[in-house]
Amino acid sequence: MCTLMNIKTGGCSEDCSYCAQSSRYDTGLKATKMVTVDSVLAAARTAKENGSTRFCMGAAWRDMRGRKTNLRNVKEMVNGVREMGMEVCVTLGMIDRSQAEELKDAGLTAYNHNLDTSREFYPSVITTRSYDERLETLKNVRDAGINVCSGGILGLGEKASDRIGLIHTVSTLPSHPESFPVNTLVPIKGTPLGDNPPVPFDVTLRTVATARVVLPHTIIRLAAGRTTLNEEQQMLCFLAGANAVFTGEKMLTTACNGWDEDKEMFQRWGLAPMKSFERAELREEAGV
């Protein structure tokens, strides 16, 4: 169970067609400065008390270039969350090798940087950051010894071949990612994709199943858009290979299934949440 917190909202210079936080679109979202370290640690404590084992922090900007004060604050947040015994993840846009190493030294467990879709379809969704720049960030994270978390978004207007292309790209990285988040588009009014139709459930299920076959030791995380799935559909996703969820009060700017709702669902279906770092221990025992 992973909880995500937006530590710096809106005002991003990127043109990601799906994102409410881009400064290029009128979505009604007000840009804010980075939140305080104390507020992050308080949120992490609440998440842990409610059963979350991983705490992820996201900031809306293109990259970490020139953000020395922000990086220092993020490292303090990472260290504080790690001291609680939780896995800790951040998603901060593009970072270089040196920044990745600083985050690693602070105790970072994983770094999220989604590829979003296939290389071929990607330019239809984003033009301000190249596919290769995303791959370079994943390399910097991997070389620093941080777990890679990288997945995609369904419902961008892509074809089945693009979903296959995304999974192929991720599976042919030097090592499989520790986590593969499966997001379904939550259309945001004011963005170019604000009127996109809902993602058919079979598309989500096929993506989860394919990712599980191709990425046998990777954690498949049901992420944004899970609120559109009923309980039976979520269970089918778990049977198909999903083995983690984002849970809590909110995703970055969209709705999220709550802790109580998820814990009750797991109990009804006999599912037992993993403890922090448990998956990593299992991977080590398996020699992967």
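All residue numbers here begin at 1 and follow the chain in the order shown.
Glycine too: its Cβ is placed from the backbone N, Cα and C atoms.
Keep in mind that TrEMBL annotations are predicted by a computer and have not been checked by a curator.
Annotation comment: TrEMBL describes Cys12, Cys16, Cys19 as [4Fe-4S] cluster binding site. Reduced to three states, the DSSP call for Cys19 ([4Fe-4S] cluster binding site) is coil.
Secondary structure from DSSP puts Cys149 ([2Fe-2S] cluster binding site) in a beta strand. Among the features that TrEMBL reports, [2Fe-2S] cluster binding site is placed at Cys56, Cys89, Cys149, Arg221.
Residues or ranges marked as domain 'Radical SAM core' in TrEMBL: 1-226.
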Assigned element (helix, strand, coil) containing Arg221 ([2Fe-2S] cluster binding site), judged by DSSP: strand
Listed in sequence order, residues not in Cys56, Cys89, Cys149, Arg221 with Cβ within 8 Å of the centre of the [2Fe-2S] cluster site Cβ atoms: Cys2, Leu4, Arg54, Thr91, Ala110, Asn112, Ser179, Pro181, Phe246
Among the binding-site residues Cys12, Cys19, Cys56, Cys149, which residue has the fewest other Cβ atoms within 10 Å of its own Cβ? Cys12
Neighbourhood of Cys16 ([4Fe-4S] cluster binding site) by C-beta distance under 8 A, where only residues 6 or more apart in the same chain count: Ser22, Asp116, Val125, Ile126, Thr128
Taking the Cα atoms as reference points, how far is Cys89 ([2Fe-2S] cluster binding site) from Cys19 ([4Fe-4S] cluster binding site) in Å? 20
I'd like to know the mean pLDDT over the domain 'Radical SAM core' (1-226). 96
